[in-house]
Structures are given as C-alpha cells and as structure tokens.
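What Swiss-Prot says about this one:
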- 18-38: transmembrane segment (TRANSMEM)
- 73-93: transmembrane segment (TRANSMEM)
- 97-117: transmembrane segment (TRANSMEM)
- 134-154: transmembrane segment (TRANSMEM)
- 160-180: transmembrane segment (TRANSMEM)
- 200-220: transmembrane segment (TRANSMEM)
- 237-257: transmembrane segment (TRANSMEM)
- 264-284: transmembrane segment (TRANSMEM)
- 289-309: transmembrane segment (TRANSMEM)
- 339-359: transmembrane segment (TRANSMEM)
Amino acid sequence: MLLELALWLGQDIRGFNVFGYITLRTVLAALTALAISLTAGPGVIRWLAAKKIGQAVRDDGPKSHLTKAGTPTMGGALILIAIGITILLWGDLRNAYVWVTLLVTLGFGAVGWVDDWRKVVHRDPKGLASRWKYFWTSAIALGASIFLGLSATTPAETELIVPFFKAVAYPLGVYGFIALTYFVINGTSHAVNLTDGLDGLAIMPTVMVAGALAIFAYVAGHAGFSKYLGVPYIAGAGELAVFCGAICGAGLGFLWFNAYPAEVFMGDVGALALGAALGTIAVVVRQEIVLFIMGGLFVAETLSVMVQVLYFKASGGKRIFRMAPLHHHYELSGWKETQVVVRFWIITLMLVLFGLSTLKLR
C-alpha cells in the first residue's frame, strides 16, 4: 500500500520514486517486520500465557526439557502477523509471485494453527490427524504448484538449474515442474517443522536462508545481473527479495523472545509456514538445489527421523540415533542445548555461504 502511495506521489513530488527500488524496500521490510515483532511480542506472549497455551513436553526426551513445560507456544502467529502487515505495506501487490508466496505462507500457517490449537487448547496429544494435516498442506502446495506451472511464460521458469555448471539446465515440462514444486514446498515446510525443537534452533537458520534467497531473488529479477551471473531471468521475481526481508526481520524479532531460555515457542503455525515460504521462493527463483544445500540442517534433521524410523522397523526395535530428530541425539550425547543450537547455526552459516558461492562459481 505504501509503495502504491509513494509511486503516486512520485508523479508530482520529487524523491518519492526512490521507494520503487527493491533494495530499499527490502531493508524497510526487514526493519518494519522487526519493529512489529519486538513491539507486539510481549503482548502476544501475555495473551498466550493467559489462555494457557503452553508447550507440552515428552517425558522420554532430554530431562532438561521438563522445565520448558507450560512455556507459551504458537508464537509463530507473531511472525505471520509481522510478515503479513509488512508485505501489505512494502510489497508490490500487483506482483503474482508476492501473492502466491503470501497465500502459501498463511495457508500453511493456518494448518499449523489448527494442529497447535487442538494439541494445546483441546488437550488432544495427536492434534490435527496426520492424514488431514498432510492433506491440507498437500492441497495448498499442489495449488501453488499448478498455478506457477501454468502461468510460466518462458522455458527458464520451468527448468531445473544445476549449480556450479554454466548454462546447465534440465527442462522439466509443466508436469515435472508441478511435481518438483509440490515436493519442495511441502518437504521444506515439514523439514523446518522437524528442526524446531530447541530454543532458537529453527528460526535463525530460517533467517539465514531467507537472507540468501533475497540475494538470489534480486539477481533473478534483474535482467543485467542475471545475465552476468548466468542465472535465469525471471521477470518479477525480484519482489520476493522484499518478502525475504520481511521473513528476516520478523524472524530476528521472534528470536529476541525465543532465544535461550525461550519465553515463547514457534509451534507448527510458524514452522510450517516459514518452511513453505522458503520452498516457494526457492522454486520461483529456480534455486531448488541451492535451497537443498543452504538448508542442509533441515535436510539432516529430516533424514535422521526417516532413517531412525526405517531402521527401527527393519531391525526389530534397534536405533541408530539416541533420539530423533538429530538435535535430540546430540543433547542425549552430552551436548548442552545452547551448544547444539549455536553449532547448528554455524553449520548453517557455512552452508549458506557455500550456496551463495554458486552465483559466481560456474
């Protein structure tokens, strides 16, 4: 809304056209979302506490987690509020990519909200039945995939880009693109959700990956930079840099309250939504493989659960890890919670920098 107002004023008043620059609006989006999170955070936490929306803790996990019982959860709603308001203020609402990403984010957040609400408020340990949880997330992801696939106007928008190799891309076709997009959005969403198990563990890697995707989005949406760096030019994709800025700002604001010892937890409402947002943005800017690299922590956490379950069933009750997801394994191996979190942050930072290097190493 502010963008449209600024551009309208810019027709008669010199200086307002500066708000048309994506770089400026990305910074403003980050600052706005950060301010909203920091300002609204205490009130949201008090409301959650008053409604007794507290975290339930498994008694078979690390004993140190027992002290977390009752900590307000569903704080991811704060992140979504900050992102939503920020995008309405600074995003280009004429851009289809902005709307697709926003609707996917809010849609996955709604599924997470219902799941959390049933678990915490209705005291249903299963929450939203798994089949319905995956049905609704799949429906949203598939809807976005079909829209993006059918609205593609150039071959570059549906090609799989291979990093580190110049001009190496595999045409997926509409159906291949839809299938890949579905798995990226849904997979990233649930991977981030599995990672969200320790104070600050999931949100900071999400911020790091979003920050890197902002750079990829800006490059992909800029005809000159995309040609110079050998990245597919996707008209309009640059606006997603503003969305990434909002994720970074909202995420850092949430981390203020989620850092150890956490005053609030994100819950499925935040984790599912943020993962879906990252997946959608990566698909639009054609960096699915790079997302796999930068989000290596999310991948490792997911694989640890899959391997643990498969091995447990195949071996008749034996386990590879002390506990899955992976962060619990290290906790039970003697690492303190803060050590696990910070070390996983460091690993993510290295992976993100490695992913960014693909812009030049071709």
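Even glycines carry a Cβ here, placed using N, Cα and C.
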Please identify the stretch among 73-93, 160-180, 200-220, 264-284 with the greatest number of Cβ pairs below 8 Å relative to the transmembrane segment (18-38).
73-93
In the same chain, residues at least 6 away from the ends of the transmembrane segment (73-93) whose Cβ sits under 8 Å of its Cβ atoms read 1-4, 25, 28-29, 32-34, 36-37, 40-41, 44-45, 48, 53-55, 99, 102, 105-106, 109, 112-113, 116-117, 120, 239, 242-243, 246-247, 249-251, 253-254, 257-258, 264-271, 273-274, 277
Sequence gap of 6 or more, Cβ distance under 8 Å, 3 or more pairs: do the transmembrane segment (200-220) and the transmembrane segment (134-154) meet that?
no
What else in the chain is close to the transmembrane segment (289-309), if you only count residues 6 or more beyond its ends and a Cβ gap under 8 Å?
160-163, 184, 187-188, 190-192, 194-195, 205, 208-209, 212-213, 216, 275, 278-279, 282, 319-321, 324-327, 329, 344, 347-348, 351-352, 354-355, 358
Top stretch among 97-117, 134-154, 160-180, 339-359 for CB pairs under 8 A with the transmembrane segment (264-284)?
97-117
Residue list, the transmembrane segment (339-359) vs rest of chain: Cβ under 8 Å, 6 or more residues beyond ends.
163-164, 198-201, 204-205, 208-209, 211-212, 215-216, 219, 229, 231, 260, 290-291, 293-297, 327, 330-331
